[in-house]
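What Swiss-Prot says about this protein:
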- 1-23: region 'Disordered' (REGION)
- 9-23: compositional bias 'Low complexity' (COMPBIAS)
- 59-133: domain 'RRM 1' (DOMAIN)
- 144-222: domain 'RRM 2' (DOMAIN)
- 223-261: region 'Disordered' (REGION)
- Ser246: phosphoserine (MOD_RES)
- 265-340: domain 'RRM 3' (DOMAIN)
Amino acid sequence: MQNPRLKQHQQQQQQQAMMQQQALMQQHSLYHPGVLAPPQLEPVPSGNLPPGFDPSTCRSVYVGNIHTQVTEPLLQEIFTSTGPVESSKLIRKDKSSYGFVHYFDRRSAALAILSLNGRHLFGQPIKVNWAYATGQREDTSSHFNIFVGDLSPEVTDATLYQSFSVFSSCSDARVMWDQKTGRSRGFGFVSFRNQQDAQTAINEMNGKWLSSRQIRCNWATKGATSGDDKLSSDGKSVVELTTGSSEDGKETLNEETPENNSQFTTVYVGNLAPEVTQLDLHRYFHALGAGVIEEVRVQRDKGFGFVRYNTHPEAALAIQMGNTQPYLFNRQIKCSWGNKPTPPGTASNPLPPPAPAPVPGLSAADLLNYERQLALSKMASVNALMHQQGQHPLRQAHGINAAGATAAMYDGGFQNVAAAQQLMYYQ
């Protein structure tokens, strides 16, 4: 059965696409058809508008990712296609320029956002959105930022912000966009005024469905959410709502997602109880048997840890198993990929198996003897069913029977360990 929220979101996306298509059909033919390629019908990244910003009265649009060959007269001529332009301003940069277009009426500006966002100008998709002063948006430079990955292509700043606004101190949300394609890079950042809210958001939102995908949440690397402030023609500082490129976040150093990148071998473990130690986490993942563990770290004050495996498939299996296993200290842990790949050439140094968990009244030697005794008991019962007419040839060769082996365990000795192991493998 389809998720009602997902169904409702899909209906909204379809309605938005229909509105955009109608706007395109109504608009006048554009200038320079050889320079400006037809648009791609994609959801408009409406963004998380700042408090105090009223788009119903806005007549100005921001234009980002402009090709360096574009001139200011050409920019104004193109945007005149949606309505009369009052003024325009182009700010040149080395890699790509940006600018602002001021219309006489809001309808022309809204139509420009609907019809021109994503259009390719000299082979480069431009981004068009409402323009507003930076002062209207809260300064989040000192806030606590989290990384949100595996975002669906249709998720915008506004969608992301709405999903995390259930946490009272959520202050901002931004989806990162690829300047070359004009599409979402599949991840973004959410800011919080309160550190505890940020941690709670990581714990509670990791693995939750947002649109058509399960998102993953983690702490963001310092400086990963920085964006470039822009200056408008009247000197007011303005920032683009959907800022984002491969240079905006350290998480984008590798173009591939962790799921498809063999260099990612570390598992992020969230929602840990305060009393969980490094040894506890090691025991938990060792018991899963997903693979060879090479490193275990725990940040007890922040409630998360990391488990590094020898290979990528082992880490992937650990994530899958960790999210479906019983609780650890009465909490359901949440596993996802770590945000950094294992550096190439890292030496393999497997950790030794962790010491068994203490049981009241029993020593480690007692537990080891008990495990051996249990294995022999199972071996004897299976052997009795399979070889009722005679002894197993290996048992005959070594002179062992079930009762004798069990007695040897109680006497504290076990001279035929190798023989018993052979019996366990060959029965």
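Every residue gets a Cβ built from N, Cα and C, even glycine.
On a predicted model such as this, the values are computed, not experimentally measured, just so you know.
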Three-state composition of the domain 'RRM 1' (59-133), taking helix and strand from DSSP: 22 helix, 30 strand, 23 coil
Tally of residues which DSSP labels helix, strand or coil - the domain 'RRM 2' (144-222): 19 helix, 31 strand, 29 coil
Across the domain 'RRM 3' (265-340), average pLDDT on the 0 to 100 scale: 88
